[in-house]
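What TrEMBL says about this one:
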DOMAIN    84-344  domain 'G-protein coupled receptors family 1 profile'
TRANSMEM  69-93  transmembrane segment
TRANSMEM  105-129  transmembrane segment
TRANSMEM  135-162  transmembrane segment
TRANSMEM  183-203  transmembrane segment
TRANSMEM  230-255  transmembrane segment
TRANSMEM  285-303  transmembrane segment
TRANSMEM  323-347  transmembrane segment
Amino acid sequence: NTSIALGSTSIYSPRKRAAVRLSGSDPTSTMNVSKVVAPRDQSMTPPQHLSQEQEHFEGFLVLLSLKQIFIPLYALLTLVGVSGNLLLILVIARTKRLHNATNFLLGNLALSDLLVCLTCVPISAAFAFEPRGWVYGALLCYLVALLQPATVHVSVLSLTAIALDRYVVVAYPIRRRVAVRSCALTAGFIWIASAALACPAALNTVYIDFRTEEPQVCEELWTGLEDQRLAYSCAMMIVSYLLPLLAVSASYCAISLTLRGRVPPGGAHCTVNARRTWHQKRRKTFRLLVMSVGTFALCWLPLQLVYLFRLKDPTCTPNEHFYVIQLCCHWVAMSSTCWNPFIYASLHHKFARAVR
């Protein structure tokens, strides 16, 4: 019997039995979900000093019993997210009247959400229920470690850029609009910054193949760098959730106040129909703002709370249902990629006409 401790990853390996505890530092990465690899021989009992691994294993069994529920949910998430974001990208690309700065940023958001649906969602579902550990090879291990958090960062930063662009348009209506070329540079900066934010976690990711019947491991190992891991984790939580939420909320509050203080075109001399149309547009804009902020905040809040709970002790699992709760929170967070296309498209008549 052997027990191997590698940084934040603990592996218990008595012959054909293996339990793997995994942890990560980036809340946007789907590879930070703690994972226990199922035993090959259920009859064998681990030593008493490895009771924590047994708790992890029992949690995995509870999660495995719900596989028939989670797999269809993740499949539905992938189908809706891919179709919705792909349709939005095609509509923006093919409709010339939609070629402006705001819609360019919206297309960038749809592209990042599409990549999230193609990488984070299916791989997370497959990995969560795979009893053999990481079975996708070394190349995908390192590629996914970089791509998953980077695409989520792009989505979050794109939402922030859209909110700031909307504020400029509403607060300064006679100001010259931002050129599409400038938006292209902004989008490029967002992708580069997102990749840079994901690099520390990716650089500390290792792939271990035991070349036996034991599990393969693909996980972050911050060996001897626990303080750095904690600092990076806190920074990622702030950058990927708190600051964007604050920026988007402040921007949309400013937009609401600006619209509330603005009089309809024509002032007191405008017709009743013109005034009604003006108020309808203002209410539609307000609904868009509330839905955008609410979707982002509510979808990501549960996973951020789980991550905050595990920040100090990544191996902590309070009960056997913790893995189920964590996967539910991850599903809710990933569902934000499905809502954005419908929120923006349904409240913009130009998109509705283009789809028809």
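Backbone N, Cα and C atoms are what each Cβ position is placed from, and that goes for glycine too.
Long-range neighbours of the transmembrane segment (323-347) within the same chain, counting only residues 6 or more positions beyond its ends whose Cβ lies under 8 Å from a Cβ of the stretch, are 30, 33-34, 36, 59-60, 62-63, 66, 70, 73-74, 77, 80-81, 84-85, 87-88, 91, 106, 109-110, 113-114, 116-117, 120-121, 124, 128, 155, 159, 284, 287-288, 291-292, 295-296, 299-300, 302-303, 305-306, 317, 355. Counting C-beta pairs under 8 angstroms (sequence separation of 6 or more), the transmembrane segment (230-255) reaches the transmembrane segment (135-162) with 3 or more such pairs. Sequence-remote contacts of a segment are chain residues at least 6 beyond its ends whose Cβ falls under 8 Å from one of its Cβ atoms, and for the transmembrane segment (285-303) they are 27, 156, 159, 163, 170, 241, 244-245, 248-249, 252, 255-256, 259, 326, 328-330, 332-333, 335-336, 339-340, 343-344, 347.
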